[in-house]
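Student: So TrEMBL says this about it:
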type	residues	note
DOMAIN	18-211	domain 'Poly(A) polymerase nucleotidyltransferase'
BINDING	PHE97, GLY98, SER99, ASP110, ILE111, ASP112, ASP164, LYS225, TYR234, GLY243, VAL244	ATP binding site
BINDING	ASP110, ASP112, ASP164	Mg(2+) 2 binding site
DOMAIN	363-564	domain 'Poly(A) polymerase RNA-binding'
COMPBIAS	426-443	compositional bias 'Low complexity'
COMPBIAS	465-474	compositional bias 'Low complexity'
COMPBIAS	567-577	compositional bias 'Low complexity'
COMPBIAS	578-603	compositional bias 'Polar residues'
COMPBIAS	626-654	compositional bias 'Polar residues'
Amino acid sequence: MWSPQQQQNMSQQQRTLGMTSAITMAGPKQLDHDRTDELIETLELYNVSVTEQELNHRMEILSKLNNLVKEWIKETSINRNMPPNVAEQVGGKIYTFGSYRLGVHHKGADIDALCVAPRHVDRSDYFTSFFDKLKEQKEVTDLRAVPEAFVPVIKMNFDGIEIDMLFARLALREIPDSMDLQEDILLKNLDPKCVRSLNGCRVTDEILRLVPNVENFRLALRAIKLWAKKHGIYSNALGYLGGVSWAMLVARTCQLYPNAVAATLVHKFFLVFSKWKWPQPVLLKQLDVVNLGFTVWDPRVNIADRYHLMPIITPAYPQQNSTFNVSMSTRTIMEDEFKNGLAITDDIMVGRATWDKLFEPPNFFTKYKHYIVLLASADTPEDQLEWSGLVESKIRHLIGNLERNQHIKLAHVNPECFPHYESNEQSSTAQPATPSPSDTSSTEVTEKTAVSDSNPVAETPPAPNVTSPGVTTPTPTPPPSTPNTSSKPGKEGLGSMWFIGLVFEKTEHLNVDLTYDIQSFTETVHRQAMQIKMMKDGMKIEARYVKRKQLQSYVPPNLLKRERKTSTSNSNPSQTPRNGTATPMMSPTSESNKSSTANNGASNKKRISENSCDGYFKKAKMGDETSGQGDESPNQSIVQGGEDSNSTSYSLDESSNTYVNIGETHKSTETAGSQIVGASNSAALTKELLFSSTFIIIDPISKQHKRLLATSCCEDDHYLGSL
């Protein structure tokens with residue numbers, strides 16, 4: 001038994017690990033250990049951990065880099081007339097951060113590193129003399145410097161491992177090997193680029209200090225990162241969450257359940273954040289008050305911070321929102337994934353499903369009826385690498401443009417970048433959503449298809465042929481509604497593609513024009529390329545609007561088959577009774593069967609502890625609101641537009657009287673302005689939450705909410721804890 005003083009000390013220690021006290025201090029049961037062992041076995045199949053040999057190889061590489069840094073700083077010091085014996089003592093050091101520092105890196109992952117130098121070595125030396133020194137190393141390949149980036153970086157491949165190395169100069173005479181970057185005073189008199197470079201290491205180290213059990217945290221984080229990548233919500237650049245944001249969410253879960261094992265933490269992760277009241281911020285500790293003059297996240301002072309939709313605040317000074325790029329669409333998608341993840345882990349914890357179910361990728365290419373295909377191409381592989389990187393970094397601006405269109409309900413970008421795929425049917429089914437700046441006589445081709453949500457397969461008479469004034473257009477043959485299996489397979493070309501799924505508002509007699517939204521995005525990309533002097537001949541960007549059945553012209557058939565197979569397995573769930581025998585549903589196409597409590601492959605897998613947890617709890621499953629909305633009508637006609645700027649081409653959308661206008665090349669300034677200006681409801685909610693008479697940033701978990709979180713999973717007193 002613990003003495004009262006020991007219990008008080010332990011309680012005080014737990015209270016310091018987070019903004020609020022823990023939801024429960026209860027320890028794990030045998031069932032939790034069994035689920036954790038199953039989780040470990042499943043993660044091993046996905047190669048999310050590295051071998052001892054690879055770990056040693058990474059340590060050797062970092063040791064070599066550290067020696068190179070010390071040698072370079074010594075040479076630079078001597079060149080500045082410093083005595084050799086003094087130059088020997090100035091030091092210099094390599095620090096790591098990111099997934100490698102957190103201990104959750106996977107096989108083949110890169111290493112994020114930071115070079116810290118004393119005050120007499122500046123950034124210009126780093127990108128000149130040190131860059132030249134790296135060139136001389138036989139282990140270094142693919143060496144490239146990006147000094148003009150927001151966080152300047154040198155990228156390289158060092159003996160088979162990708163490394164991104166930042167630079168920071170401290171206001172110190174020497175950098176000893178034992179130096180810790182935790183102290184805030186180290187940031188005094190530093191320039192903003194150095195502070196941003198140091199922030200990665202400081203945040204990573206602070207996260208590890210703020211979790212009660214590092215090993216449980218690492219295992220849970222590995223599972224959450226794998227889940228996020230499989231479900232297409234792991235990309236900071238595209239408006240989802242990056243690695244540090246996922247780490248902070250898992251760390252907050254560990255603070256709320258300090259004695260839970262990894263399987264329980266994964267389950268509680270979905271429980272907590274499926275109920276989180278965004279845009280209430282997630283914080284791992286109270287904001288530090290440090291008067292060093294750097295901007296910190298504070299909606300009381302910074303107006304822009306009041307409009308952040310999903311704030312997750314870094315724990316190290318200067319505190320920043322790591323989810324600045326999140327939009328309404330990406331937040332909605334992640335919220336739905338949290339709820340679906342909770343439903344799946346509910347089944348896993350009671351034995352109705354296995355962990356494989358959690359890591360099944362979603363059926364993105366069958367989830368929506370309407371898509372925008374974004375294509376970026378260049379003449380050479382080197383130009384293509386730079387061009388696609390720039391385009392990808394700006395896609396979130398296109399999502400923002402689409403969201404500001406009052407008729408678009410959701411714009412879902414798939415973070416996976418696909419190589420350009422050339423199909424024999426592509427020329428007859430593809431149509432540019434906006435003309436290329438260099439092509440003044442482009443012809444828009446679109447489908448005019450009736451879609452009815454109440455009767456998805458209802459046939460509609462073919463639309464009459466529409467032509468521009470003075471232009472004669474033939475009536476082309478409609479594309480086949482099913483893939484042409486007799487055609488030759490396509491091939492991959494030099495280029496990159498991204499897919500954006502669209503959901504339109506259900507409004508009748510609606511004409512949706514996407515021309516301005518897409519042209520604004522392409523102009524932003526070209527303007528940025530001009531500013532950084534990247535623009536070269538052959539660099540092109542194009543956006544096309546396609547229906548779901550036309551995706552066969554853009555992605556290989558095997559990918560579509562894989563997606564359809566996944567969709568079929570999800571729409572034909574099995575009911576698993578206590579004896580583990582799967583009973584198929586009667587109607588394989590029923591909409592009510594889309595959300596399943598177990599998949600076909602996993603439901604037959606028996607567990608040792610399966611019979612011990614029957615009746616653990618029962619919970620309603622989340623349905624997929626956007627999938628299975630029905631295929632397009634088989635009656636279609638293609639409409640071609642002429643060169644006239646007033647010519648239009650339409651595609652019938654969700655309602656039978658809703659059209660998508662993708663052929664206009666002009667749009668009134670007044671209309672465009674009305675779509676761009678205006679704050680969202682979530683922004684007003686942020687202001688209401690954060691500007692009360694008593695401003696205290698806390699987790700949105702009241703005492704009553706704690707009981708809900710503790711008891712909603714089961715009625716066992718194991719989850720009640722001490723509230």
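Including glycine, each Cβ sits where the backbone N, Cα and C put it.
Note: TrEMBL annotation is automatic and uncurated.
For the listed features, I'd like the structural context: burial, neighbours, distances.
Tutor: For the domain 'Poly(A) polymerase nucleotidyltransferase' (18-211), the mean pLDDT of the prediction comes to 94.
Under 8 Å, Cβ to Cβ, and six or more positions away along its own chain, VAL244 (ATP binding site) finds GLY98, GLY200, VAL203, THR204, ILE207, THR314, SER322.
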Student: Please list residues from the chain of SER99 (ATP binding site) whose Cβ is under 8 angstroms from its Cβ, counting only those at least six apart in sequence.
Tutor: HIS105, HIS106, ALA109, ASP112, LYS225, GLY243
Student: Give me the largest Cα to Cα distance among PHE97, GLY98, SER99, ASP110, ILE111, ASP112, ASP164, LYS225, TYR234, GLY243, VAL244, the residues the record lists as binding ATP, in Å as a whole number.
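Tutor: So the maximum pairwise Cα distance among the ATP binders is 20 Å.
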Student: Say we define neighbours as other CB atoms within 10 Å of the CB. Which of the binding-site residues PHE97, TYR234 has the fewest?
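Tutor: TYR234, out of the binding-site residues PHE97, TYR234, has the fewest neighbouring Cβ atoms within 10 Å.
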Student: Near the Cβ of ASP110 (Mg(2+) 2 binding site), how many other Cβ atoms are there if near means within 10 Å?
Tutor: 15
Student: Would you list, in sequence order, the residues of this chain other than ASP110, ASP112, ASP164 that have their CB within 8 A of the centroid of the site's CB atoms, where the site is the one recorded for Mg(2+) 2?
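Tutor: Going along the sequence, the neighbours appear as GLY98, TYR100, ILE111, ALA113, LYS155, GLU162, ILE163, MET165.
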Student: Say you check the Cα of ASP110 (Mg(2+) 2 binding site) against those of the binding-site residues PHE97, ASP164, TYR234; which is nearest?
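Tutor: Nearest listed residue in space: ASP164.
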